[in-house]
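Input: a single structure, listed below in structure tokens.
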């Protein structure tokens, strides 16, 4: 694995390459996706069926065939191995408990003059979850997208997933059963996003669409943003690790590889203040690469997009890591909590040697849907608030408008809005 | 003003027209805006200067000329009328106090097995505020966009505003002084949005862009979403009013008109359960229209997009209003708080006869940047969290990984991710 030093002449150039890591560039597919969306808006179910025939290679004979029955979900659940069932329930319970802690509260506040101001928090009415299908069907994605919506109190949660050759992934169905999903549809890709954004005869129009997907799904999400809300536009997975001399190279290596195995475009970057740790980790990466089932993907990712940076201090390491703003950040140092105030930008922060990143993918509780490609500088992990929204509450007393009305009217006058000013002043004339 | 009854045969059709009210349709200008953004990415300041020459009709001779000096802001502030100055300060203080109540807290939580989970909340590093210029330069927009960023703790807040003929609106400058804005640039339209999203030699790349604007600005915001975060894509202003027999027709009329005067595309809808109030309000609207300075705009808006709906019960009225999900909602009933639990979707809710909507535009405290065109179903008012983001915190103890590691590894196995599984299992072997 490539080792670079912050002291080398070429460091700035090499670091810029790391910063410019894979982002989702939608230009290439924008026109195709726009066409797909237009067809769904105009033809609804009949376009959906045509797209399924084309992309998923099966013929939908009736609208009812688009729906996955609750009975199928239950059957799938009953058929899975007991250990797996138990693991899924543990994951469900822990994810739910964490997201319950995120729930924002409505509040009101009282002023002496009788004014009441507040903020009402409400769940959206309908949420649409997109879950990839076929080989990349991850039951964990269903849990991570459904549970925040459930905790938020969304009344109708809809799932869309592609079913190549009309085959549904059984694990996904089992996860749907655990989350008590009432409506799941065999629809994938940009068509599914468009269907949930605009509605068809079968698929309800939702308010929020979340969930991972390929470039077509990501592009469709961006294009329907505004018609519905979306969570974020996710790119390839990433890990950043901060380490010092106390970290175990074997742990560091397998953690770097756990992102690299996702995708050739994945990015695994360690910044360490110990040159020896850098070297040992690189050796352990090579050892592990011989044993992994997905080693071909992992090797390409490590070779082309991986790097170990040797920094001259932990302050410098933190600064660089904040610039990278990785999706996942592991802190493998003597006192990981000490660095928490210096870490400004990361999707999820994994502290200490007992907290490998995959713990967060499945079972810890926090969401695994996280901002990639430096967008942790401004996006949050998927959370209950993605499925909620706020309304301001304003109640002025008679005294309050007497005290503040004229100032308000002056500002309205200044902006040339006479009806605004009059709507306040008419209330100041006590002979109304 | 048009009065329709929910009992009439044509009601559904008429209500659908109300629901389909003006939305921002970006298709028409997408290609022009894409071209503008591309030019800014490729040519930076030189494209900016060319666009200013073309759209704002003045020649920028040096990069420095793009910047509005802090001294100019101070001078503008010193020159304004004392009553206005005092009104601006009152507004600033109240808006700040309200937004401080919104500040989310970082939290951590402890489990018996030693696991620590939490959520860290951090301000973004840089925010860019777009404020329209020329005639539509509203100092209140600057306050409403800058204060949430200030309260969030954003270190660098940048303002862009167009200056047709190189003339800066003095009130806007005064508001910049009050908000202690350090960097304001004479750049407007889609160019400004692109400059803040990608950075130029003079204008810093920011993390979040907020603020109102015309269709070109709205389109640019949508197109750069993902490269930066944005607040929302706002359309024409709207008011909804719920009223019963105790409401004063004169108040209802001027409040409807206070939205109508904004824009011919603005939408003013009242739903009342009292037919007499409907008629009286319509008469008062006519009376007021004779006196307003912007009556031509207001009349067009009222005639083409205004309506009074007579509902058969307050429950029905609330249901219809939730479907409309108006930007502003006034509740002018005997006990307005009684309806608060039935109101699910509205940007801001104004309760009682002393709370006209303009109070919220300027002085009440809550933000006046609100979701329009039914997007209150999923968007929130502009708030401090638009300028903040979260990171999950995970710290597993040795006991926690022993207890939960195998369940995690089983889930990773199931998804075929062997490095994920191994990164957990390697920690379960205590001989490491």
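Cβ coordinates come from backbone N, Cα and C, glycine included.
Per TrEMBL, the substrate site holds A:259, A:262, A:328, A:361, A:415, A:420; the candidate it also names there, chosen from A:237, A:301, A:391, A:392, is A:237. Its Cβ placed at the centre, residue A:415 (substrate binding site) has 18 other Cβ atoms within 10 Å.
Cβ neighbours within 10 Å of residue A:327 (active site, proton acceptor), excluding its own Cβ and spanning all shown chains: 29. Annotation: A:259 carries the greatest number of neighbouring Cβ atoms among the binding-site residues A:237, A:259 [cut-off 10 Å, Cβ to Cβ]. Those recorded positions from A:237, A:327, A:328, A:420 lying by chain B, with Cβ under 8 Å from one of its Cβ atoms, are A:420.
Its Cβ taken as reference, residue A:420 (substrate binding site) is surrounded by 29 other Cβ atoms within 10 Å in the chains shown. Candidate recorded positions: A:262, A:328. Fewest other C-beta atoms within 10 angstroms, A:262.
Cβ neighbours within 10 Å of residue A:361 (substrate binding site), excluding its own Cβ and spanning all shown chains: 29.
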